[in-house]
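What Swiss-Prot records for this protein:
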SIGNAL    1-19  signal peptide
DISULFID  Cys26-Cys71  disulfide bond
DISULFID  Cys50-Cys78  disulfide bond
DISULFID  Cys63-Cys91  disulfide bond
DISULFID  Cys67-Cys93  disulfide bond
Amino acid sequence: MKWILVLALVCLAVEYSYSWKVSERCLKGHGKFQADQEIGNGLATAKGQCKGTDSDQKKAGKCDKHCTGVCLGSGGSCGDGSSQKPNKEDCYCKSK
C-alpha cells in the first residue's frame, strides 16, 4: 500500500513540475518571441522564429520541425505567404 502512495506522489510531483515549466514558458515567452493569438485565422504566431531559413532547409522540412518544437508539440509550420500564414519568418502554431 505504501508503494502505491509513493508512486502516486511521485507522479503528481512530475506532473506539477512539468505544468509549472510549461506555464512559465508561456508567460515569459520562449527565448526571442512572445506568442500572439491571431484572431482571424485561429493560429498562434511565434514571431521571427524562421528567420534565416533558406529554401533547402524548407524543402527538407527542417523549418516545420523547428516550428513544431517552438509550438510545444501542438504542430506548427513556417509561413508560406498565404493569407493564413502570411509572414515567412514566423511560425504558426495549431490551436489545441
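Start at 1 and count along the chain as shown; that gives each residue its number.
Yeah, the Cβs are placed from backbone N, Cα and C, and that goes for glycine too.
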Separation of alpha carbons, Cys71 (disulfide bond) and Cys91 (disulfide bond) (Å): 8
For Cys67 (disulfide bond), the number of other Cβ atoms found within 10 Å of its own Cβ: 23
Close disulfide-bonded residues near Cys78 (disulfide bond), where close means Cα within 10 Å, chosen from Cys63, Cys67, Cys71, Cys93: Cys63, Cys67, Cys93
Three-class DSSP secondary structure - Cys71 (disulfide bond): coil
Cβ neighbour count within 10 Å of Cys63 (disulfide bond): 22
Cβ packing number for Cys93 (disulfide bond), 10 Å threshold: 24
